[in-house]
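S.K.: Structure in structure tokens, see below.
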Amino acid sequence: MEKMIVRGGNRLVGTVRAEGAKNAVLPIVAATILASKGKTTLKNVPVLSDVYTINNVLRNINIDIDFNEETNTVEVDATGNVSWETPFEYVSKMRASIVVMGPLLARLGRARVALPGGCAIGTRPIDLHLKGFEAMGASIKIENGYVEAVAEKLYGARIYLDFPSVGATQNLMMGAVYAEGTTVLENVAREPEIVDLARFLNSMGAKVHGAGTETIRIEGVEELVGVTHSIIPDRIETGTFMVAAAVTNGNIFIEDAIAEHNKPLISKLKEMGVSIEEEGDGLRVVGPKQLRATDVKTMPHPGFPTDMQAQMTIAQLVSQGTSTMTETVFENRFMHLEEMRRMNANFKVEGQTVLLYGNSSFQGAEVAATDLRAAAALIIAGLVSSGYTRVTNLKHLDRGYYNFDKKLRNLGADIERIDESNEKALSSQELAALFA
Ligand SMILES: CC(=O)N[C@H]1[C@@H](OP(=O)(O)OP(=O)(O)OC[C@H]2O[C@@H](n3ccc(=O)[nH]c3=O)[C@H](O)[C@@H]2O)O[C@H](CO)[C@@H](O)[C@@H]1O
Ligand SMILES: C=C(OP(=O)(O)O)C(=O)O
């Protein structure tokens, strides 16, 4: 079993580069299905297990796709005979596979995709996606764990989302590109990844207006063609390194980080005493000797991102005073904190809010990641713990972070990823030898 072993106590100092954004590349790979003419080249694609999964989904429906990890480039040729069925195997690995539904329905008038279940952070239904497709004229059938949508023709419609769901906004935007007439999506998600998808679709020939605002208008077109597109930098990976620098009294430069995409996080970290400055093509982050407490509430963009919640709670736990974290996007996203009890964290969950009693002195322990941001949070906690922290379930980490250990090591952290057999845990002498 693979484990990340961290010995706490080091300041992070140096430069790290942000990869392309996981949450931008996944819907954009799905959108390549729409190009019935020409090839697509995607640049700045991160080497993540989720990217392999979405590539496999496309391969499985008869699309040629090639990932060059050396150059971070994906080449897609979707001009062949694309199939409309996506098996459970891929959707079960990654819920985001559901975003192939909009492009398949738009291009083929039919899509059959395995229903994604819930996951460690919440129930995560897809009712808003399906209601939107129905409003555009599709009939939806749910049978044997699959959702099937059929529409001889899709028509422009006015659709109000009850909640600004990221996935529903993306799926409906892509579903609407070939619809007859104009589709107006209201109360949509405004995340930078939505804007990147709209930019990509428009460069292919789509007419998507207003991405990044509460209303998106899509005028149907006849044809989209393959293009070259570069994926935006990952604001969540960037934010994760910001928090790592903040808690370690570090001084790091994050290359390619975009301040505009991380406004709510930057504002909160500044409140806690962290210095964050734009410098050339990135951000310099300097953590104080002692962080100050602050209250945070997750919200859809431009609110504080739920994908930074777990990492932020670690900073709150080591700051001076009591902080609160309120999670409003997912109903079950405090699982990392239960693991943190094993590291001596002091907190109390009251419904959607957790009271985080600061000044914690974390103690190294063996902890298991429950989702990808929990994995990052537990590793960050390890950076400021006494002794050794072992984090297991690294498959979650690999969904969203490329070479996380190597990047932290380059910044001065004592961290090793090892394959420790189930039968034998390393002794403290063996652990010490790892970092000698
Ligand atoms: C691959 C990707 O981009 N994943 C991101 C995306 O996930 P995802 O697109 O799944 O998240 P959504 O914005 O759709 O979900 C937000 C909330 O809306 C609810 N909901 C959503 C759809 C629906 O039809 N009905 C419904 O009730 C969900 O259960 C959840 O409570 O946005 C989340 C919220 O910023 C992020 O945490 C994820 O990292
Ligand atoms: C929750 C996340 O991703 P996904 O929607 O792919 O599960 C995340 O990136 O933190």
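All positions are counted from 1 along the displayed chain.
Cβ from N, Cα, C; glycine included.
Remember, predicted model here, so these are calculated numbers, not experimental data.
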S.K.: Out of VAL150, VAL285, VAL329, which is the one TrEMBL records at the UDP-N-acetyl-alpha-D-glucosamine site of ARG95, ARG124, PRO125, ILE126, ASP127, LEU128, ASP307?
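M.R.: UDP-N-acetyl-alpha-D-glucosamine site check in TrEMBL: besides ARG95, ARG124, PRO125, ILE126, ASP127, LEU128, ASP307, the record includes VAL329 out of VAL150, VAL285, VAL329.
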S.K.: If you average the pLDDT over the domain 'Enolpyruvate transferase' (6-408), what number do you get?
M.R.: 97
S.K.: Out of LYS22, ASN23, CYS119, point to the one nearest PRO125 (UDP-N-acetyl-alpha-D-glucosamine binding site) in space (Cα versus Cα); all of them are recorded positions in the record.
M.R.: CYS119
S.K.: Just checking: which of ASN23, ARG95, ILE126, LEU128, ASP307, VAL329 have a Cα that is within 10 Å of the Cα of CYS119 (active site, proton donor), counting only these binding-site residues?
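M.R.: ARG95, listed in sequence order.
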S.K.: Around the C-beta of PRO125 (UDP-N-acetyl-alpha-D-glucosamine binding site), how many further C-beta atoms are within 10 angstroms, looking at every protein chain?
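M.R.: Summing over all protein chains shown, PRO125 (UDP-N-acetyl-alpha-D-glucosamine binding site) has 13 other Cβ atoms within 10 Å.
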S.K.: Can you give me the Cα-Cα distance between ASP127 (UDP-N-acetyl-alpha-D-glucosamine binding site) and ASN23 (phosphoenolpyruvate binding site) in Å, rounded to a whole number?
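M.R.: For ASP127 (UDP-N-acetyl-alpha-D-glucosamine binding site) versus ASN23 (phosphoenolpyruvate binding site), the Cα atoms are 20 Å apart.
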